There are 2 protein chains.
Amino acid sequence: MNKIYNPTKETWQSILKRPTANFNDIEETVKGIFKEVQTKGDSAVTKYTSLFDGITIGNIEVSENEIKEAINLVSDDLKNAIQLAKSNIEKFHAAQKTAKVFVETTEGVQCWQEKRPIQKIGLYIPGGTAPLFSTVLMLAVPAQIAGCQEVVLCSPPDKSGKINPAILYTANLCGVTKILKVGGIQAIAAMTFGTVTIPKVYKIFGPGNQFVTVAKQLATQFGVAIDMPAGPSELLIVADDTAVPAFIASDLLSQAEHGTDSQVILVSTSKELIDKVEEEVQKQLEVLPRKAIAEKAIANSKLIFVENDKIALELIDEYGPEHFIISTKDEDFYVRNIGNAGSVFIGNYTPESAGDYVSGTNHTLPTNGYAKNYSGVNLDSFLKAMTFQKISEIGIQNIGKTIEIMAEAEGLQAHKNAVTLRLKDLKI
Amino acid sequence: MNKIYNPTKETWQSILKRPTANFNDIEETVKGIFKEVQTKGDSAVTKYTSLFDGITIGNIEVSENEIKEAINLVSDDLKNAIQLAKSNIEKFHAAQKTAKVFVETTEGVQCWQEKRPIQKIGLYIPGGTAPLFSTVLMLAVPAQIAGCQEVVLCSPPDKSGKINPAILYTANLCGVTKILKVGGIQAIAAMTFGTVTIPKVYKIFGPGNQFVTVAKQLATQFGVAIDMPAGPSELLIVADDTAVPAFIASDLLSQAEHGTDSQVILVSTSKELIDKVEEEVQKQLEVLPRKAIAEKAIANSKLIFVENDKIALELIDEYGPEHFIISTKDEDFYVRNIGNAGSVFIGNYTPESAGDYVSGTNHTLPTNGYAKNYSGVNLDSFLKAMTFQKISEIGIQNIGKTIEIMAEAEGLQAHKNAVTLRLKDLKI
């Protein structure tokens, strides 16, 4: 771990620098597969599933029977856990519904805003070592609340041609309308263009490796929206002497085990706490099954000492962490003033893993400094805001002249004329 | 105008096809200028301003004196018009503020969502024949309501090195913090990387030609967010015998005068109306100053007859128009059921130009079918939703076991451990 004491402001940028991924070398691969899926559809999807996942699959759509089988395979304990998590995520996201915004801006000029669902969405759930059924909850639950009509889920098959039962169980529980055994670039391409088996969608959500990340970026060039740009996961903790070093260490490690490129930062006004946390990290690290991964991330981690809360806040705001844990005496100072963070965890008994799974907040959050300009996934991510206006005869007489003057000043005579004709009609 | 009667569903896609722009040939130019601005800053900006705008400017920042001069140059009529528009836009966007969403999802588990401003934003306002001060209103007014701290506006200088007075007047009125005489690719690049004179921003808003469009897309690769992808402006009108042909024609033409690539579509259940509108368009077209532009757009326009409202709705939803005018007997049918549209204009006295300028709704809207997956610009475009959670000792005991089970099932032991440690601590 790298200890840094009182860094000067000029050095912040380099201290807080994230690893910059160079995607140029994989961009050509991604483009090639997109082109092939666009022209050849399902047969290209099957080809790349064989190539990348090492299995040739006849029917890539998950059947009713496979779902029944999966339901039997998931333990009751896990089912209950998933259901409690679902219930909390539902409560929090349902509360985000907004009523129609209605304003009569001028007499006779009625304007309103309504949100309507994005009709077709795609969820990407990675395979690999960690079967992310929690991400299914985070994406499918708000999609269902929003009223999305088609919810397509793609996830790569394992070597035996199956998707993890917990993923299938959760997808089925949360109203996913179609589940497909397809992963990687070919999954994103298929949801972008549509194939006979895989529907084209309007927006793609979900995490993935660098190939999936680049594929999602490329999808946007073909009219598909994506949840947000992705980068390695991050945690920044601000803590002082009121924090429990063992808790802080456990939170840093739970971030570190995500991947060797995970970003782990502790900012503190206490040198003593920094030393204690460092010790605790070493102790806890020893017994972790994913020690090899966590160890590498921890080696790059930073423990930063600063003089006071004000400097700490400024530094944290400059970083804009995805996850931000506050474990200080004056927690309100940070809660009130933090400008850039994805999700904030407050106090000694709020570990990041609570938000990853059960508290109810969404765990799909902006990384890589995107907390400065992007929201995490929330109910609105599955909706579009549309505006409406209805102007009465009185209304157009009230604002008509104004429109005419502005249109004329912008040199748009036909815009003016659309009003002039109506005003004349009303004068007869 | 192209009249199409009862098109079969199989042909909809080709009838409703938008022109696909090929940006490959200008991408290299855009990348080159980005690189130069990134490395050389202001001197590169000055160089490209000379090259593209034909003027070498010493101080690119608009001074207090220039703003005073501009205020004097704008007529009182136009000032009053701009102020009424501003007031309506303010009312409608201020009403979009959302309260903190607070939910105790489980006893002791408090979650909330708050929106905080994107701290630094950039507005791009094109120069050229139409000085779009209305777009300044549409972007700067909600930015001010959102509480964005830095609002930078870039607009290209004319041959005498000035920005149109109405743009300066409006920018000053709406709290823009810095105005710069820079346009095109170099403006977007400068706001992406920052130069000595031009601040780096977190999100860029505003329309522009194909160079600006590609530059905004490229900006997203450097961590900057943009309002939405851009395409040529569009209008789709659904009208029946209750519509006034002259009004419909004037609306089609006000869309057509935007550019030769503007998309203009009329869908109707009345062949008679279609014929009458066609006649009216020819008549009104003759006297338009921008006839040459409008004529080309009209030549590509489509008048589509369908049997009934149900088919009309399905076709319109498939298109997803940026602007959608409803001028039919049963307008509620469309208002209730339209799933994909940017902004909707209802009834005989609601021309699109009302929304372009004064009604209060935003005129920065999704084109090119993006109404299926993007909102138009609204108050939330200038904010990020952040989530917070605070869990008490009771709360972690209520959900701790659930987190442990889920973390274990995902193979993330350190995530589990962060909870186990806390639960143990509470049992002592």
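Placement of Cβ uses the backbone N, Cα and C atoms for every residue, glycine included.
Predicted, not measured: the structure shown is a model, and the values here were computed from it.
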In TrEMBL, B:GLN255, B:HIS258, B:HIS415 are given as binding Zn(2+), so which of B:ASP309, B:ASP317, B:ASP356 is in that site too?
B:ASP356
Measuring Cα to Cα, tell me the gap between B:GLU410 (substrate binding site) and B:GLU322 (active site, proton acceptor) in whole angstrom.
43
Binding-site residues (B:ASP356, B:GLU410), the one with most neighbouring Cβ atoms at 10 Å:
B:ASP356
Please report the Cα separation of B:HIS323 (substrate binding site) and B:GLN186 (NAD(+) binding site) in Å, rounded to an integer.
31
Greatest C-beta neighbour count within 10 angstroms, which of the binding-site residues B:GLN186, B:SER233:
B:GLN186
Cβ under 8 Å from chain A: which of the recorded positions B:TYR124, B:GLN186, B:ASN209, B:GLU322, B:GLU410, B:HIS415 qualify?
B:GLU410, B:HIS415
Show me the subset of B:TYR124, B:GLN186, B:ASN209, B:GLU322 whose Cα is within 10 Å of B:SER233 (substrate binding site); these are the recorded positions I mean.
B:GLU322
Tell me the Cβ contacts of B:HIS415 (substrate binding site) under 8 Å, same chain only and six or more apart in sequence, or just say none.
B:ILE403, B:ALA407
Say you check the Cα of B:ASP356 (substrate binding site) against those of the recorded positions B:TYR124, B:GLN186, B:ASN209, B:GLU322; which is nearest?
B:GLU322
If you draw a 10 Å sphere around the Cβ of B:GLN255 (substrate binding site), how many other Cβ atoms fall inside it, taking every protein chain shown into account?
31
